[in-house]
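Data first, discussion second: the structure below is written as structure tokens.
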Amino acid sequence: MTDQAKDRVYIFDTTLRDGEQSPGATMTHDEKLEIAELLDEMGVDIIEAGFPIASEGDFRAVSEIAERSKNSVICGLARAQINDIDRCWEAVKHANRPRIHTFIGTSPLHRAIPNLTMDEMADRIHETVTHARNLCDNVQWSPMDATRTEHDYLCRVVEIAIKAGATTINIPDTVGYTAPRESADLIKMLLERVPGADDIIFATHCHNDLGMATANSLAAVEAGARQIECTINGLGERAGNTALEEVVMALKVRGDIMPYETHIDTKKIMHISRRVATVSGFPVQFNKAIVGKNAFAHESGIHQDGMLKNKETFEIMRPEDVGLAGTSLPLGKHSGRAALRAKLKDLGVDVGDNQLKDIFVRFKDLADRKKEVFDEDILALVTAAMTDGADHLEIVSLKVVCGTGGPAEATLEMEVGGEEKSCVMEGDGPVDATFKAVRALYPNSARLQLYQVNAVTEGTDAQATVSVRLEEDGKIATGQSADTDTVYASAKAYVNALNRLHVRRSKTGTDQKEISYKDVG
Ligand code: KIV
Ligand code: ZN
């Protein structure tokens with residue numbers, strides 16, 4: 001089948017809304033702008049940029065993403081309430097191509113939340129979709145928990161939304177309950193039974209609670225859905241959403257049996273996956289399809305032998321197709337600034353002159369300690385350069401003594417708001433002693449929710465990347481850092497997270513979500 005004969009499937013990315021809603025995945029304003037720009041550049045058709053009424057921070061982010069958008073449609077989420085929809089429109093109206101996405105839970109369990117009868121809810125849907133359509137000619141409507149909604153009622157409300165002017169109807173599997181055949185049957189049923197269904201686009205929005213989100217989304221497409229809602233790395237509440245990289249690559253690799261095309265530049269997948277992992281603080285599992293560290297690694301002897309003879313023996317797609325450099329040579333301590341700049345360009349990292357200077361200093365320091373500096377090391381340096389900065393807390397020096405036969409001892413010098421302080425603390429191991437020292441110099445009530453260490457490359461001189469997630473009064477902040485010294489990387493990640501909490505504390509109310517999309521009333 002030629003490309004011309006393939007049906008177009010639209011990719012709707014909700015990393016910045018459903019993904020960011022995941023506890024702990026909160027992104028800063030600048031990070032949201034950066035991810036939106038990468039999504040736009042990679043060819044995402046619709047970016048759900050946030051939930052404007054949820055907080056001042058969400059509103060600002062959606063507005064600015066809308067203003068900066070190039071090709072993608074920019075969408076905001078709104079509950080089935082007039083003021084939500086107005087607020088959403090205020091934020092997205094700056095986009096070249098704005099969309100309002102409004103929704104209400106239609107299953108028996110969800111209808112009970114606002115305590116509406118079936119008829120009352122039908123009226124509310126008519127009123128709110130009509131209102132949205134009077135503001136914007138691109139309106140998406142979702143019956144939340146559609147997969148657990150009675151079929152007759154689902155057909156009735158979908159018909160009402162279409163008549164009121166919805167141009168896309170999204171069918172969410174909110175709790176990740178459906179299975180592929182049922183997902184397909186539901187779309188087929190709606191297409192057959194609902195008058196006007198042929199004139200609009202059906203979307204599929206799956207959660208991964210039973211590990212079937214990708215399969216359910218593709219089954220819905222085979223039944224007639226033409227928009228897939230997904231997130232980078234499958235980020236999202238609980239087990240997450242459908243992973244963008246999985247559905248896009250499945251359609252690309254198995255175009256022979258699924259004749260659908262997307263407009264995603266798949267070579268940009270790895271870079272955005274790494275950036276989302278970094279800014280959300282949710283690392284990608286090693287064996288994750290498409291973007292996991294091991295997804296293209298062939299370690300067993302029999303696999304390596306086969307790969308050397310013919311790559312197709314064990315490889316169904318090329319690493320280059322998802323933006324993994326094929327045969328990349330490591331840099332070393334003699335590599336200069338031009339080589340580093342070229343390498344960054346290869347890796348899809350665009351930095352200004354000042355940032356390059358900073359990354360180059362870090363690179364030289366690392367190359368002195370590590371014989372070969374691999375792509376992963378460079379990316380870890382970029383992350384560190386982006387997260388360190390002129391912050392409230394800065395580590396001046398750290399010395400840790402540990403071993404058998406006694407507690408570890410950390411001697412820490414740190415600048416706190418420009419004032420240099422120092423202390424010596426003991427702890428149960430080097431990281432515990434170090435974190436206690438940080439707390440002694442900067443007393444705080446933040447609770448450690450996650451402490452995670454990964455080796456970036458192989459070998460005992462590998463850099464460790466450390467992620468730390470903290471929670472304080474309902475605010476969550478993550479910090480990352482990388483260094484060949486795991487304890488130092490841990491200290492920097494901890495301090496990064498504290499710096500982020502400090503920033504949030506000083507602008508209380510702007511980032512904090514005041515309502516959740518589940519508060520439908
Ligand atoms: O999962 C869900 O139902 C949602 C809706 C708001 C579309 O995310
Ligand atoms: Zn969802």
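Glycine is treated like the rest: Cβ placed from N, Cα and C.
Annotation source TrEMBL lists Mn(2+) binding site at D18, H205, H207, N241. The domain 'Pyruvate carboxyltransferase' annotation in TrEMBL covers 9-270. Among the features that TrEMBL reports, region 'Regulatory domain' is placed at 394-521.
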Within 8 Å of the Cβ centroid of D18, H205, H207, N241, the other same-chain residues by Cβ around the recorded Mn(2+) site are T14, P172, D173, T174, C206, A213, E229, C230, T231, G236, E237, G240, T242
Which one of these binding-site residues has the most other Cβ atoms within 10 Å of its own Cβ: H205, H207, N241? N241
Where does D18 (Mn(2+) binding site) sit in the DSSP three-state scheme? helix
Quick check on the region 'Regulatory domain' (394-521): DSSP residue counts for helix, strand, coil, in that order please. 33 helix, 53 strand, 42 coil
Could you tell me which three-state DSSP class N241 (Mn(2+) binding site) falls into? strand
Cβ contacts of D18 (Mn(2+) binding site) (under 8 Å, same chain, 6 or more positions away): E48, E229, T231, G236, E237, N241
Look up H205 (Mn(2+) binding site) in the DSSP assignment and report helix, strand or coil. strand
